[in-house]
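Under the heading domain 'Acyltransferase 3', TrEMBL lists 6-332. According to TrEMBL, the domain 'SGNH' annotation covers 410-641. What TrEMBL records for 7-25, 31-51, 72-91, 135-154, 161-181, 187-210, 222-243, 249-268, 280-296, 316-336, 348-367 is transmembrane segment.
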Amino acid sequence: MRYRREIDGLRAIAVAPVILFHAGVESFSGGFIGVDIFFVISGYLITSIVLDDIAANRFSVIQFYERRARRILPALFLIIFATAPFAWMWMLPNDMKDFSQSLIAVPLYVSNFLFTIETGYWGAPNEIKPLLHTWSLAVEEQFYIAFPLLILLIWRINKTWLLRVIVALGFISLATAQWGAEAHPQANFFLLPSRWWELALGAIIGIRLFHTPGTPNPHYSLVFANALSLLGIFLITASIFAFDEKTPYPSFYALAPTVGTGLIILFATPGTICGRLLGSKPFVAVGLISYSAYLWHQPLLALARHYHLMGHPPEILRLCLAFITLPLAYISWRFVEAPFRNKNVVSRRTLLASITTATILSIAFGLTGHFTNGFGSRLAANGQTVLSLQQRLSPNYGLDLLCDDRFTLSERCRTDPEPEIVLWGDSYAQHLAQGLLASDRKIRLIQMTNRACGPILDVAPILTGKKPVSWSRDCLEFNSQVEAWLKSNPTVKTVILSSAFHQYFKAGHRLLYPDGSQKPADYQTALISFRATLERLQAMGLTIRVVSPPPSTQQDQGRCLGKAALRGAPLSACDFSWEDLDPNNKKAFDFMNDLAKDWSVIRLDHIICAHNLCKTSLEDGTFIFMDYGHLSREGSSALGRKGEWRAWGASNTSDHL
């Protein structure tokens, strides 16, 4: 296969936006599409190489996989072993356990499955996972395992079928991606079935160019080639700056960067403007080290977020780390990638021994970390085990895990067979249960909570990119069940309602109604719907208590407290000012202010904040928060006792922490 400089230049176009996106540069909100560019390039190159070898009667499955191992594994293991010591020093047990599991999954090419499973409401944010980016390597490796064998099989049966089979499979995969973007967004993003079509697009181009081993598309005029290759650049650039994390992806939206990549591969000949640009020395130089740059960037940024107490290093530091990936990438390319690719420098036996040893070490370390709960016996600065710190930050499910995410009348979700008080809402309602129980051990309470599903009747949020629409239908049904149960249980006297609330008016979200119609999430619509819900409860003769969410930033206050205790830093370093509040959280307090014109509202921010400062811990060291906004079990209990929540006097309290 003829070497094409512009392909290396295209790799530079792919890796740069990915790095800047993960560095948090807002203008590169669609930088994640760089991975799609890599997929198309990989499909093109692999198909071209395999077809060339088959046509020359020299294709060997063993040699093919050996080339892939030489290309991918040495630098990958370098990153794994360079990351592990810092993870040991800086990570809390749950994060260390997640990292340990990735050390098992990455060498086995299944990290995309792992990250699909880990992604969830209570899971760690993706930005702090050092090996998150290996999901794309897993997708490629899964493709590499199956695709050459598929080509070989079809070629031997009837090679004229090859293009038709790949096109058919590509269309099936694209349809799967479009469906999965709404039905199963997390699995859709990480797994091969919804990414196959991107690799297949590259493969189709490889088949198209198979019979033109010289300059691609020599029959087209220079003007035509210039126009289409520049169109490809435009499609990629537009995607980088127009897409963001709310864009359903991958879906038909992904056609823009992938088709753009295909146009460049097809028409960016050395004589075109695009070909000369991508073939220039700076682009080619970055392209040559792009794999190592891709490997280095995520661990650097993730570990920096672990080291920084609030998990959000200054932008200047993140940019510096983004640029540091280039010299590190050159070093690993020069001294690891290049030697291992050369059979004269590293023999097959040495390669096999090195990879086997590295795989065993990685998996052994990972298994140990998994079964010891993230090396939980490590000691924090105060002499406690880090596991005891982590337990203080465990998810606050309220009365019981069973009460989370479903309608249930289980005795584990009530404190009395005939409850007088109903706690209704999402996870911001369930975290109040421990405080209510601490304020009165004889309280007659039942918990009816469903994470992210606020206590608003006849409307449910559609959490684009996070949950399928079927979840929104379940939310509608859940709240209807709560209302029906309230009507049929006269022992209930009081309903306590709480939620984050902003999911009903957050930009990019939509609202689902019982008739199946959808509308954009809207502040006034949410306010009207919630008031109508309260009026329906009032008509049942119930006492109503609305509780605000706590103040929260876009950072993880709970993880900050854990890291501060781990290192011996003052817990007060995690406190934050009112100006630092998450804009969505501020909007939720506006929602509370508007609601308070007609209804009594208990404001947790009035308890936690004073004089523009919001506390994250009490003077005795109690952690108030467990994460970015939820009260910890110990924090809820302490606030419940302090505020005497049994009497619901917290709405009028003037006491501060």
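For all residues, glycine too, the Cβ spot is worked out from N, Cα and C.
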**Message:** I'm a bit unsure how to read this: which one of 7-25, 31-51, 222-243, 249-268 has the highest number of Cβ pairs shorter than 8 Å with the transmembrane segment (280-296)?
**Reply:** 7-25
**Message:** Counting Cβ pairs closer than 8 Å, which of 7-25, 135-154, 161-181 has the most of them with the transmembrane segment (316-336)?
**Reply:** 7-25
**Request:** For the transmembrane segment (348-367), could you work out the same-chain residues 6 or more beyond its ends whose Cβ comes under 8 Å from its Cβ atoms?
**Result:** 66, 69-70, 73-74, 77, 80-81, 84, 100-108, 340
**Asked** Cβ pairs under 8 Å with the transmembrane segment (249-268): which stretch of 7-25, 72-91, 161-181 has the most?
**Response** 161-181
